[in-house]
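Participant: Below, the features straight out of TrEMBL:
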type	residues	note
ACT_SITE	D13	active site, proton acceptor
ACT_SITE	H41	active site, proton donor
ACT_SITE	K140	active site
BINDING	12-18, 40-42, R304, 330-332, 412-414	GTP binding site
BINDING	D13, E14, G15, K16, N38, A39, G40, H41, T129, R143, Q223, T238, R302	IMP binding site
BINDING	D13, G40	Mg(2+) binding site
BINDING	T298, V299, T300, G301, R302, P303, R304	substrate binding site
Amino acid sequence: MSNVTVIGTQWGDEGKGKIVDWLASRADIVVRFQGGHNAGHTLVVGGQVYKLSLLPSGLVSGKIGVIGNGVVVDPQALMGEIERVTAQGLVVTPETLWIAETVPLILPLHGALDRAREAARGDHKIGTTGRGIGPAYEDKVARRAIRLCDLAEPETLEWKIDELLLHHNTLLAGLGAETFTKEQVLSYLGEIAPKVLPYACPVWDRLDEAVRAGKRILFEGAQAVMLDVDHGTYPFVTSSNTIAAIAASGSGVGPKSVGFVLGIAKAYTTRVGEGPFPSELFDDVGQGLGKRGHEFGTVTGRPRRCGWFDATLVRHAVRVGGVDGIALTKLDVLDGMKEVSICVGYELDGKHIDRFPSSPAAQSRVKPVLETMAGWNETTAGARSWAELPAQAIKYVRRIEELIGAPVTLLSTSPERDDTILMKDPFEG
Ligand code: IMP
């Protein structure tokens, strides 16, 4: 098995950036297959901090980065990110960045609609990143999206913009937001087209060649299983599928190419945005996790909600995500805690359940059932071998493995690329 697919198993921000970067150094090609610039990956390499939203992390290791057809691309955000990383010394050219010709574009009107709808939702808001992700995916399935390849076809653009504005201006006007003119959209696209079109290519064809040539491909997921539009805490989710199966359709390779599925899980749980979170902590313990773990959204800067590790949710993610092994991150944030707890199930209306319910009403009523064990005083930060870990921390990790039904194949002990304990090389299958 020569390919690896990385997905988040909680509500995102599990520290995928570091793991993907570490794996990218062993891959030939790194592919993003869903989501957009709602994702935020922070990579720390050699003391230099890279903040990526849309660009595949592999570009930091000098590998080919691919944006597959399952991603929604905001061309302005893309160009801004390319400029930023170029100023940091990375080389991004059409040889190193391939973007599927068929990606739907996120336009300023998508962000405007996202924000206007959130404002209108009031107490029922989803807490989106406000970047137009949902409206862009809606346009894709409604078959009115402007795709990257359309930028080279001015005649197609003309009628597509008419159709797009008919829909969006009606909604924007209804919500009391500013509408857009055809001239505005045309001039925006005219300006952006020569900048992004050089990166456009038939990604599926190039990846097919790469698969046949035995190249190592790393598929880099964004968000996480609990934010998956089908399997997550709907409607408090993102608008794409985030599970590993989508790596294939979101980049145009066959399902067998997905390879080893590595699920990333933080040693505790965080969430940004609204929605249920059974093991959330509202006390000093939760605040301590947030402080020590520097839990602020990479994209929006919002403080993340913090809570105990929810083994029931991660087990769910392991099953629907097809996870072969877990990379456990940020164990060091628990260092020095007298006691640590794991959510091992729920109580719903007086009954014990070991599966998260599907309806939002029931999801908001569940109470966590916690299992508590002694913590550890020693530091795990920077450990590079299992032997360097305190016995109690090992016990915590072993209990997690037992509860989620998947082995911890990788342990990350600091944001630095090399502070990683590898139990099994995912590229070896
Ligand atoms: P959207 O993807 O902007 O529509 O936001 C929908 C939900 O997904 C909100 O709760 C966001 O906070 C959450 N979300 C989107 N992207 C990320 C991410 O990369 N990390 C964590 N949460 C995310």
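Placement of Cβ uses the backbone N, Cα and C atoms for every residue, glycine included.
I'm curious about the neighbourhood of these features; can you describe it?
Facilitator: In sequence order, G40, K266, T270, V272, E295, G297, T298, R304 constitute the residues six or more apart from D13 (active site, proton acceptor) in its chain with CB-CB distances below 8 Å.
Other Cβ atoms within 10 Å of the Cβ of H41 (active site, proton donor) number 26 in total over all chains.
DSSP assigns K140 (active site) to a helical segment in the three-state reduction.
Taking a C-beta cut-off of under 8 angstroms and a sequence separation of 6 or more, T42 (GTP binding site) has the following same-chain neighbours: G17, K18, V49, Y50, K51, L52, T298, P415.
Under the three-state DSSP scheme, N38 (IMP binding site) falls in the coil class. Long-range Cβ contacts of N38 (IMP binding site) within its own chain (separation 6+, distance under 8 Å): S53, T128, T129, R131, I133, A222, Q223, T238, V299.
Counting every protein chain shown, the Cβ of V299 (substrate binding site) has 18 other Cβ atoms within 10 Å.
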Participant: Rounded to the nearest Å, what's the C-alpha distance separating G12 (GTP binding site) and K140 (active site)? Just drop the number here, would you?
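Facilitator: With the alpha carbons as reference points, the distance is 23 Å.
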Participant: Taking DSSP three-state, what's K18 (GTP binding site) in: helix, strand or coil?
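Facilitator: The three-state answer is helix.
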Participant: As a check: which entries in N38, H41, K140, T413, the recorded positions, place their Cβ less than 6 Å from an atom of ligand 1?
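Facilitator: Close enough to ligand 1 are N38.
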Participant: Return the single residue from the binding-site residues list (G40, G301) that has the minimum number of other CB atoms within 10 Å.
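Facilitator: Least crowded of the binding-site residues G40, G301, by Cβ count within 10 Å, is G301.
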